[in-house]
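**Q** One structure, pasted below without further comment.
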């Protein structure tokens, strides 16, 4: 069923979401990464990217924050582009683990594959697969170019965050070498880990992430730049991964309450994809106990519920002038 709203009405809903949520004091910044602990906890922004390229944004949508685990979506897309859907399914997988995003136990339980590119083990494996094999500099160029194409503008490496991540990524070092033990990493483990750490340290804005989400929702064509970033056949694959594990062990609760596949990161960003309709992103540093932005979750839920939209329903948003 079509749900028609004017652009002005949609802007009003996004503004309402911001106003409703901005005073929420729940959660706290990630404190195990020094850089993230010191980010202003009051920063908050929401951005929506329609498939015609129009964007609606309220609050701190131009502030560059650490992309963190939202980057897993971007690199999963790059791996899908370079290898195809079947090879990624065979070598990495697409299953939720039901365990925390940085779980080592998940590797031990399913050592035939890392489960999904959207948890740490699968993301490190995906970084190892990025072509060309054996060339860290060219791999990095490919990762950054892919993020740029998805977002419609370039990210910026946050050097201080990269240092913080590198100094504290002991668990991920264990993951990389355990993957090597099970032949589930496809380049030098230390190189793959460094690429993963750097990609998590990219600085992006909520506006950029909404455009990236819009690119997925638009079947691989960036709504703003009009560039075809990836083949339309891959859009349902990456969206399925996001729907299955975007909020890790709390993904079921998220899908039940919001109705939109979304990926979260401990930098405070959440990126949601409503196929054929729009991309949405929100950012606020304070996190809940599972590492998900409290305000970003509430803001996206508000927009979805206010508009009566759900990926599992037949409601379809039509924005008219």
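Heads up, residue numbers simply count up from 1 along the chain you see.
Glycine is no exception: its Cβ is also placed from the backbone N, Cα and C atoms.
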**Q** Check Swiss-Prot for me: it has 120, 165, 172, 196, 248, 266 binding substrate, so pick out which one of 47, 69 it puts in that same site.
**A** 69
**Q** Going by DSSP, give the three-state secondary structure for residue 196 (substrate binding site).
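**A** For residue 196 (substrate binding site) - judged by DSSP and reduced to three states - the answer is helix.
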**Q** How big is the substrate site in terms of the longest C-alpha to C-alpha distance among 69, 120, 165, 172, 196, 248, 266, in angstrom?
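**A** Farthest-apart Cα atoms in 69, 120, 165, 172, 196, 248, 266 are separated by 20 Å.
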**Q** Measuring CB to CB from residue 248 (substrate binding site), give everything in the same chain under 8 Å that is also at least six residues away in sequence.
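**A** Set apart from residue 248 (substrate binding site) by at least 6 residues yet with Cβ under 8 Å, we have 96, 97, 99, 100, 101, 119, 264, 290, 291.
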